Ligand SMILES: Nc1ncnc2c1ncn2[C@@H]1O[C@H](COP(=O)(O)OP(=O)(O)OP(=O)(O)O)[C@@H](O)[C@H]1O
Ligand SMILES: CC(C)(CO)[C@@H](O)C(=O)[O-]
Ligand code: BAL
């Protein structure tokens, strides 16, 4: 496994690889590091489907708001490299902020509408930062496939839209969320949780499972379903809801207030962001028209 920090080295390795193995598929797994089994599942999928797999590790300042956790975001390069190697990665690109942004970029990739709600609303500018850095990574590596986790379902919808709108020649591969044994979605930010908060954080996946059942009830409206979800989450005293929304997926529009969700013709997403102290967790579930979970 090669580990590099500069754009020059990355371009050199990508060109050489493409010249020597022109028929090999190239896979890209973009991450912010502090890797866990969720990331490992993306790496293994890339390894299974591509001849050459690139992992990027970069905590991208552009996607963090001024009062967010950029400075204290967990980092452990040594552990990440060992995990990457074990999971079939061929090249790790781990640039510094200076390398990626030698000066403040004057160009930004802004994706509208699909960013109006959920994390786009509660983290203003977040998806401009994501769109910009992911575009840079796509240009630098020119992957055939790029692997993203459905834990960040809005991110998948936003990047798919960017790729479609800009004709970027990459296939976006959405990957299922990997969970702890009690149902909590794996996330680098889980390490911030106090033992009490960690125990209560199971309420997110519980609320999603309940929503999956509740949406099957005839006549269930968006407001009623959202109220049920909020009630479940409120049972955890440390939980503070940022959002709990039921939306059309992947358009991320609001279904009309009167619609009977049990008969809804499109995919629905139940999306949650819940704070435990200063730690903000997200999770979601895709539902089909009869309330069953949709697998990606
Ligand atoms: N539990 C998971 N299962 C599958 N994929 C995941 C999981 N958690 C993160 N990913 C995916 O890994 C990629 C990199 O995510 P990132 O490095 O931000 O990790 P994270 O654990 O989501 O961190 P954070 O705590 O910052 O949300 C994204 O495509 C993300 O959706
Ligand atoms: C896609 C990404 C690596 C861009 O910084 C980040 O948003 C993430 O880790 O999901
Ligand atoms: N996985 C999303 C990256 C972020 O929280 O900034």
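Count begins at 1; order follows the chain as displayed.
Positions of Cβ are set from backbone N, Cα and C atoms, glycine also.
Sequence annotations record features per position, and here TrEMBL assigns ATP binding site to 32-39, 149-152, 178, 186-189. What TrEMBL lists as active site, proton donor is 39. If you look up TrEMBL, you'll see 63, 155 marked as (R)-pantoate binding site. Positions annotated as beta-alanine binding site by TrEMBL: 63. The feature coiled coil is assigned by TrEMBL to 208-235.
Taking a Cβ distance under 6 Å to any atom of ligand 2 as the criterion, the recorded positions 32, 35, 39, 150, 188 reduce to 32.
For the binding-site residues 155, 188, counting C-beta atoms within 10 A of each C-beta gives the highest total at 155.
For ligand 1, the neighbouring binding-site residues among 32, 35, 63, 150 are 32, by Cβ distance under 6 Å. Cα separation, residue 39 (active site, proton donor) to residue 32 (ATP binding site), rounded: 10 Å. Among the binding-site residues 35, 38, 63, 188, the residues whose Cβ lies under 6 Å from any atom of ligand 3 are, in sequence order, 63. For the coiled coil (208-235), the mean pLDDT of the prediction comes to 97.
Straight-line distance linking the Cα atoms of residue 63 ((R)-pantoate binding site) and residue 35 (ATP binding site), rounded to a whole number, equals 19 Å. Figure note: comparing Cβ neighbours within 10 Å for the binding-site residues 32, 35, the maximum is reached by 35. Residue 178 (ATP binding site) falls within neither a helix nor a strand when secondary structure is assigned with DSSP, and so counts as coil.
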